[in-house]
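Positions annotated as domain 'Heme-copper oxidase subunit III family profile' by TrEMBL: C:29-206. Annotation comment: TrEMBL describes C:29-52, C:72-90, C:102-120, C:140-164, C:185-205 as transmembrane segment.
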Amino acid sequence: MKLSITIMIVVLIIVFAIAVYVLIKFRRKKGQTDVPEQVEGNFKLEIIWTVIPLILVFILAVPTVQKIFAFGDDHYNEKGSVQVKVTSHQYWWEFEYPQYGVKTAQELMIPTGKNIAFELKTADVLHSFWVPSLSGKMDTNPDGTINRFSFSTDKEGVYRGKCAELCGPSHGLMEFKVKAVSPDSFDKWVTAMKAPAVLPKDQALAETFKKSCLSCHAVGDQGGPVAPNLTGIGSRESVAGILLNEGQDGGKPVKENLKTWLEDPQAVKPGNKMPAPKDLGLTDEQIDGIADYLANYKLNY
Amino acid sequence: MAHAHSVKRHKGLMDWLTTVDHKKIAILYLLAGGLFFGIGGIEAVLIRLQLIKPMNDFVSAQTFNELITMHGTTMIFLGVMPVIFALMNAVIPLQIGARDVAFPFLNSLGFWTFLFGGLLLNLSWIMGGAPDAGWTSYTPLSTTTYSTTHGVDFYTVGLQIAGLGTLIGGINFLATIITMRAPGMSFMRMPMFTWTSFITSAMILFAFPAITVGLVLLSFDRILGANFFEVSNGGNPILWQHIFWIFGHPEVYILILPAFGVISEVIPTFARKRLFGYSSMVFATILIAFLGFMVWAHHMFTTGLGPVANALFSIATMLIAVPTGIKIFNWLFTMWGGQIRFTSPNLFAIGFIPTFVMGGVTGVMLASAPADFQFHDTYFVVAHFHYVIVGGLVSGLLAGLHYWWPKMFGRMLNETLGKLSFWFFIIGFHLTFFVQHFLGLMGMQRRVFTYLPNQGFDTLNMVSTIGAILMGIGILFFLINAIATAFKPKGVAADPWEDGRTLEWAIPSPPPEYNFKQTPLVRGIDALWKEKMAGNKGMTPAEPLGPIHMPSPTILPFVMSVGIFIAGLGFMFSKEDFSNSFMSLIFNNWIVVIIGLLITFGSMLLRSLYDDHGWHIEVEELEEEGVKA
Amino acid sequence: MSATHAETVDGKLPHEPEKATLEGRNKVLSFWLFLGGEAVLFGTLFATFLALRNQTNEGPTANELFHFSTTAYATLILLVSSLTSVFAVQAMHRHKVTALRVWLMITVLLGLGFLGLEIYEFTDYVTAEKFGMTTSAFSSAFYTLVGFHGAHVAFGVLWISILIGQLFKKGLTVVTAPKVYVSAMYWHFIDVVWVFIFTVVYLLGKVG
């Protein structure tokens with residue numbers, strides 16, 4: 001990429017230099033009536049500006065092809081790779097770790113220093129999986145045209161992930177976070193994810209939560225697979241991928257974000273598939289109670 | 001023209017509806033193009049206003065998607081395409097020394113089908129929602145499951161009809177250029193604009209049928225319940241991407257080649273020098289067209305085609321830089337040693353060169369698949385294609401319009417306003433799109449209706465929006481210029497730029513309806529310049545003065561297009577549940593479709609049964625006009 | 001240019017009346033161009049069909065569906081009709097208007113025969129085999145490709161019929177001759193497309 005930028009800047013400078021020279025030198029002067037020489041062409045010059053670009057293209061082509069094939073290598077079944085099955089939905093991301101039997105959503109947890117091998121597919125329309133600061137993007141296609149690719153990072157931290165293929169009204173809001181942690185923390189996180197579900201302490205609220213939320217969502221070993229997994233949502237960096245929590249630039253307390261979302265999901269992500277809790281008959285207190293419960297549902301890792 | 005001749009001559013509106021004169025059709029194309037270009041431009045400004053600041057709620061997410069879809073579709077298919085056809089119609093018959101195109105009737109038919117297709121597409125705004133799946137309409141987002149309004153139906157049917165018009169136009173110009181050239185005008189003596197239009201027409205012929213099929217498949221999926229892109233029934237959404245881009249990539253060369261042609265006319269005229277390396281220009285044009293058909297998958301690097309395909313398409317794409325580079329250097333060396341005049345057409349032409357080079361350079365960067373994984377579907381791509389399509393193509397078209405305006409209308413555009421519009425346009429353009437390269441590199445995806453703050457996007461987006469407004473002002477200056485000029489008296493010289501080189505400058509501005517009183521004899525490249533240098537006052541005629549045969553005006557093309565329009569609407573709503581039983585009756589039983597098709601085929605039958613013998617302009621009439629002129 | 005509208009047959013009609021006028025030559029040339037575009041159209045349809053031909057979605061497969069005999073008859077009929085349209089053009093070159101009309105009529109009849117067989121085939125698929133447009137990706141691709149061809153045949157039949165009418169009314173002139181010639185080109189083209197359909201859709205469907 002650096003090579004191509006360098007070559008291109010050199011080309012730009014040459015063309016601009018010629019253009020500026022010509023435009024200054026060969027202006028028509030007042031009262032000029034003679035006719036300039038009608039040059040048909042110049043074989044040598046024309047050969048030069050055909051051959052030199054050809055050579056430049058060749059110089060660019062060699063590393064390009066090498067990189068394409070390196071990128072195309074399938075590391076999915078390689079030893080030491082952490083496999084992640086990514087499934088995109090309108091407008092959220094599901095991450096499944098088949099080697100660990102763990103499923104999460106919106107926040108991809110990865111260990112540093114390890115090769116993360118992805119298998120990408122979509123549950124509905126095309127999306128494109130992209131973590132700009134870690135790697136290029138790859139489309140998530142339906143069954144039959146599933147893509148694989150991989151990346152890794154040595155730096156712990158939180159990275160922004162995005163959807164890069166128009167997928168509907170909330171395409172621009174279909175963000176996710178990548179959290180790179182040490183391999184030890186990662187293992188702890190896996191254990192915590194597999195622990196039995198923690199339900200609200202209040203019996204009545206727990207019943208409401210089970211009835212209204214767990215029909216689609218899951219926490220721990222309970223609930224359904226239709227909507228994003230909520231296990232440990234309180235310790236994530238964002239709610240719904242787009243409402244940033246404290247700790248991020250411009251973030252708000254996680255409970256506040258959860259309430260914003262639960263009050264009116266359509267206002268946050270137009271066109272998303274979640275029914276508004278109020279339409280399901282939840283009262284303001286119940287919503288507040290669930291937001292409070294989820295905000296405190298944290299994992300230790 | 002006061003002679004009440006044997007043929008009925010229409011006046012006013014009927015004249016425009018029935019005309020088969022290529023010069024009038026050119027003006028119709030220009031008006032239609034201006035209308036759609038204006039609509040697309042307003043959409044662009046709305047898009048930029050929405051993006052002026054993070055988390056803006058100027059328009060809703062759904063409306064935003066409709067805006068970007070319609071902006072792209074309108075600009076590509078309905079905005080610049082007709083302006084190209086306007087220039088081709090206005091100029092090519094004149095440049096090759098012909099009295100008209102090969103098929104005046106088809107010419108008119110092509111225009112009206114195009115117009116009604118475009119109108120149908122834009123009707124979507126007031127009939128339940130515009131298409132919202134992007135101008136690329138990737139499946140499955142564009143299938144009925146995910147796009148529930150009739151928007152995408154308007155897209156498929158509207159583009160189908162408009163595309164038919166374009167295809168007819170393409171065939172017409174191919175035939176015109178092959179058979180209607182004046183004596184002595186061999187292929188290698190044709191002006192560059194004619195050459196590039198010729199190649200463009202050939203590309204239209206071979207690219208448009210692909211999108212025709214694509215649109216048929218998509219509309220069958222949506223309206224008849226077919227399964228081409230329906231994954232659960234065995235369909236394959238990636239197929240759409242292939243079909244779309246097999247058409248879509250040649251399409252961008254279809255658009256840019258005529259602009260290359262315009263630049264190749266304007267620069268020599270105002271440098272008073274012949275085009276440097278004419279034969280290599282022709283060769284480069286053909287090569288670009290040829291390669292243009294073999295690079296479609298560079299739009300699909302991230303689709304996952306595998307390394308072999310990605311490598312091949314990467315290299316093929318990079319190769320296009322070579323013929324394009326040849327063209328750039330040839331233009332620069334045309335000016336080398338010339339006497340450049342900075343008239344408004346030439347300003348646009350000169351502004352074109354660096355702008356287009358920048359677009360080309362980012363194109364080569366995008367061609368490299370590994371880099372494209374990062375750039376793809378970001379604002380970097382948006383910046384790239386606006387550099388080639390707006391900075392390149394639209395600059396070229398504006399150069400052409402300023403250049404040929406006196407020939408088309410017999411009135412010079414105001415130079416001051418022309419220069420003002422150039423400076424506003426070019427500065428606004430670079431302000432809008434240069435910063436978008438960086439937005440893309442920083443991770444802003446395209447087609448997002450808003451973005452979170454604190455990503456470093458805010459200032460650049462603000463700058464971009466301000467640039468868009470400046471660009472809009474530049475275009476407004478052009479519009480004011482055009483309108484103000486329309487009120488000035490006619491009467492510019494045949495060769496108002498004084499250094500015209502090609503045949504169109506040998507006849508009055510605007511030309512009489514028969515163009516050439518006597519077909520000219522062409523004795524070399526830049527036919528008129530050659531005669532000027534030989535000290536002749538005009539072209540040497542190749543035939544004696546005689547009566548000129550003219551085609552009759554006819555309303556049939558208009559009626560046929562109305563028929564197609566009705567049939568299209570009928571097809572779109574054939575499965576709709578109407579609350580009104582009469583509407584259900586006529587739509588759900590295909591009655592509307594049948595009526596529309598009957599109108600179209602009935603007109604075709606009329607055309608076939610009653611031979612058009614045309615009419616003649618007699619010698620006396622020609623001589624009388626000669627005296628007047 | 002004034003002599004471009006030569007009148008009726010007066011014995012002085014040139015050997016190739018379709019190319020006698022500029023209009024005629026333009027028509028023939030641009031019809032070739034048009035067929036180039038048509039070739040791309042059918043090429044894309046063929047590519048679509050090839051991509052989807054095994055996606056039968058629990059519906060009937062090509063092998064279960066196709067009856068060889070019907071298609072073989074259809075192919076034979078269409079090939080013969082191509083030959084008769086050659087005879088028609090030859091008759092035109094010899095300025096034999098009656099023979100021209102007769103050969104064109106035979107061509108139209110054969111075209112109608114082909115269409116009849118195709119309609120019979122389609123109805124059979126839809127009713128007996130429950131194989132409709134919406135059954136599978138394969139069925140959609142099949143009906144679209146073969147149906148597009150069928151629509152071309154139907155249009156050709158209509159077109160040539162109207163030309164026969166014109167030949168009765170106007171006779172063979174430099175205006176009608178290019179129309180006849182061009183319609184013959186069209187007829188050969190759809191015949192060639194059928195040969196490909198027969199190979200790619202039916203033969204390949206039976207074998208592969």
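The backbone N, Cα and C atoms fix where each Cβ goes, glycine too.
Across the domain 'Heme-copper oxidase subunit III family profile' (C:29-206), mean pLDDT in this model comes to 94. Take the transmembrane segment (C:72-90) and the stretches C:29-52, C:102-120, C:140-164, C:185-205: counting Cβ pairs under 8 Å, C:102-120 has the most. Annotation: stretch C:102-120 has the most Cβ pairs under 8 Å to the transmembrane segment (C:140-164), among C:29-52, C:102-120, C:185-205. Tertiary neighbourhood of the transmembrane segment (C:29-52): same-chain residues 137-138, 140-142, 144-145, 148-149, 182, 185-186, 189, 193, 196, 200-201, selected by CB-CB distance under 8 Å and a gap of 6+ residues from either end.
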